[in-house]
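Q: There's a structure below that I have some questions on.
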Amino acid sequence: MENNSQNVLKKIEDLKKEVRMLKEENSKTKRNLMWKIRKLEKDKLLIENERTRLDREVKSLRGEIERFRTPPLVIATVTEVLDDHRVAVKSTTGPHFVINYSRFIDRKQLEPGARVALNQQTFSIVDVLPSEKDPVVTGMEVEEKPDVSYEQIGGLEEQVREVKETVELPLKKPELFEKIGIEPPKGVLLYGPPGTGKTLLAKAVAHETNATFIKIVASEFVRKYIGEGARLVRGVFELAKEKSPSIIFIDEIDAVAAKRLKSSTSGDREVQRTLMQLLAELDGFESRGNVGIVAATNRPDILDPALLRPGRFDRFIEVPLPNEDGRREILKIHTSGMALAEEVDIELLARITDGASGADLKAICTEAGMFAIRDERDEVTMADFMDAVDKIMGVEKEEEYKQETGVMFG
């Protein structure tokens, strides 16, 4: 009897162990199944997201195919606006039409001269197009600002101040002029010998202001066929008004603004037509708006008097050859990044380079560096600068230096 009880107890213990093992195995199996379920749910979510993305892409591609199947539109120009949602247009193919336009199109946009797109079958207006722009004109806009600041211009403190007052101040603080009750100046003419920093001043203006900067060399206005130059001038000012506040910089303006003479060739007459268009844009019937003008020339003596009257150019800023103090500042700017020997005397270089322009001084610094590179040296010596002065400005400057110091350079 006792043995039977022990056997029963043993079987019960065995069954308990088996139950525990089954529970553990069941728990482990459950965990595995839950992990697989979560993984499948995650995979399902990824597949659904991919399907959604592919559906959007298919929809986009179908829309692209539909756009390709759409027939091209006809470009026309509005000639007259009539009543009852009708306008008269002239198509690019030649004929004139009286057509309808949708009520969804803004009536104010349909002015004579506006460009519109017409349906090929019904010739109804389906869209109003932006005004046509000459690619030559749009290419004149400076997209990236020059890296020239006013601090990099030496010896022209007075000129910088006047340029700031004339060009920058009306754009940045127009309320000052309203408070005083005067119209801000909108035109400045920079004149002086070549290489004195006129274009550099214009670059600094472009760098310092947030206005649209349009740069053009005046010779680009000179065109082969009659009326092309005037059209280009008109396009430049239209672009400037559209993107105002803006600044137009006309370099070498004497190319189109020379004095008009009685006797002239057909080419001269076309240049004069271009000049008259420029005069009209500078101070014509329509206001220039928030558009500033900066022009530069080496020959102010040959400019047409009509260009020089107030209202077209309000300020005339002379950019002369730098004096000794100016040359010293310019040399300091150009040598600031150079490896100079201790013997280099900037004061002396400023004294012996009388008559040098800012461009000459920059060339002297560059040449001195080239002499050091040629001799495989790590620094620029005074002898290199003297050789550079000799090369850029002539032997007389080196002789002047020898007389001052009694030093000979081989």
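For all residues, glycine too, the Cβ spot is worked out from N, Cα and C.
According to Swiss-Prot, the protein has these features:
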| type | residues | note |
| --- | --- | --- |
| COILED | 1-70 | coiled coil |
| BINDING | Gly195, Thr196, Gly197, Lys198, Thr199, Leu200, His334 | ATP binding site |
Q: Among all chains shown, work out which of the binding-site residues Gly195, Gly197 has the most CB atoms within 10 A of its CB.
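A: When each Cβ's neighbours within 10 Å are tallied, Gly197 tops the list.
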Q: What residues, ordered by sequence, lie under 8 A Cβ-to-Cβ from Thr199 (ATP binding site) and sit at least six positions away in the same chain?
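A: Looking at Cβ-Cβ distances below 8 Å from Thr199 (ATP binding site), excluding near sequence neighbours, one finds Asp251, Ala296.
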Q: In sequence order, which same-chain residues at least six apart have a C-beta under 8 angstroms from Leu200 (ATP binding site)?
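A: Correct list: Val148, Gln152, Ile153, Gly358.
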Q: Widest Cα span across the ATP binders Gly195, Thr196, Gly197, Lys198, Thr199, Leu200, His334, in Å?
A: 17
Q: Just name the winner among Lys198, His334 (the binding-site residues) by count of other CB atoms within 10 A of its CB.
A: Lys198
Q: So for Thr196 (ATP binding site), how many other CB atoms are inside 10 Å of its CB?
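A: Counting Cβ neighbours of Thr196 (ATP binding site) within 10 Å gives 25.
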